[in-house]
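First comes the structure, then the notes that go with it.
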Amino acid sequence: MIDPLVDWLAALNGYAGTLAWVVLVAFLAGVVLERYDETWAERAYVGAWIVLSGYWLTYVHYFVFAQKSITEGVGVVIAIPLSIYVAYLIANGRRRLFVVSRAIAFAWLFFLPLSSLAFVRRPLIQTVTSHTDFVLGMLGDQYRLGDWYPYLPAGLELPDGSALSGQADLPEKHFPYRNTFLYSPGGHPITYTIRLACTGIGSMAIFVGLIGAVRGSLRQKAKAMGVAIGVIYVLNIVRNVFIAHTLGNQRLHIFPELIMSLFSASDPYLVSYYIGDRILAQFGSVFALIAITWLVLRWVPDVLTVVEEGLYVITGTEYDLTDALDVESTEN
């Protein structure tokens, strides 16, 4: 009975790319109109948030059923009604949410071109791959790094010296880049591919949006943005190394039956991946984002306004965190 719904959600994902550009145009329209007429800006933002809810809907299948990501799956499902609720609040006069809308606009403006343009995407992915390769080499891992696409060919020599008996798919590889790490624990081929999602660009976009949306000197905002992006990049390399190392060497192969059941998996060699990435790394990323936000507040305290409005949307309670966090906001 659930299959038709899953198929429908999978079909919706095909519209995600187009809808992403509609979201960007809608929010940028609100930013421009806000400078001239707040009433029209309000209408633009209401429409933009409704479109954004539709965009999140197109990704439900990808995060929940394809990726089986706990944090991203829960996040995208919650984001749908929250986006509609923000549209409702703005339509009913809560213009303080304009700053959150501007944050979305700037984040989208940073993320979408970088993720869509091949001449930017390829060097970004390959730079992250190169740094991950360097650290894994220092750890002494035995693997091969290659540009195999869209599958591993039969007869390919594995890191342990054996040969791949048959063709093996690379379902998470979408471009013929040299970004796939091949391990062979026990003669079994295991791959970890550095994709756009593995570059940290999504987290970087969050802080570009937060910092770009509020007041503050350009010098302080540039400093905060540089620190945030730098810290995210380094932590992201650590994350990739951790996942590749634990997956390729099967370091987290614990409670295999439970993990395989939880993620509806059939390959026991992926247990380490689900624990390392889907549980430890993703939940760790949440705490890292909170810590980086605290750092950013040192230079751009008005970012706290966006945080307070976000908390209001989630809890329905007004917050004033300036004293608690010892920062001084100038946003009204």
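The backbone N, Cα and C atoms fix where each Cβ goes, glycine too.
Unlike curated entries, TrEMBL annotations are predicted automatically.
What TrEMBL annotates here:
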- Cys198: active site, acyl-thioester intermediate (ACT_SITE)
- Arg239: active site, proton donor (ACT_SITE)
- Arg278: site 'Transition state stabilizer' (SITE)
- 12-33: transmembrane segment (TRANSMEM)
- 45-64: transmembrane segment (TRANSMEM)
- 70-91: transmembrane segment (TRANSMEM)
- 103-120: transmembrane segment (TRANSMEM)
- 192-214: transmembrane segment (TRANSMEM)
- 226-248: transmembrane segment (TRANSMEM)
- 279-297: transmembrane segment (TRANSMEM)
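Taking only the Cα positions, the spacing between Arg278 (site 'Transition state stabilizer') and Arg239 (active site, proton donor) is 12 angstrom. Beyond its flanks by at least six residues, the transmembrane segment (103-120) meets 17, 20-21, 23-24, 27-28, 30-31, 48, 52, 175, 196, 201-202, 204-206, 208-214, 306 of its own chain at Cβ-Cβ distances under 8 Å. Panel annotation: around the transmembrane segment (70-91), residues 42, 45-47, 49-50, 52-53, 56-57, 59-60, 63-64, 97-98, 100-101, 278-279, 282-283, 285-286, 313-314 of the same chain, lying at least six beyond its termini, place a Cβ under 8 Å from a Cβ of the stretch.
Spatially close to the residue listed as 'active site, acyl-thioester intermediate' yet at least six residues away along the chain are Ile125, Val128, Asn236, Arg239, Asn240, judged by Cβ distances under 8 angstroms.
A sphere of 10 angstroms centred on the C-beta of Arg278 (site 'Transition state stabilizer') encloses 22 other C-beta atoms. A 10 Å cutoff on Cβ-Cβ distances gives the residue listed as 'active site, proton donor' a total of 22 other Cβ atoms nearby, all chains included.
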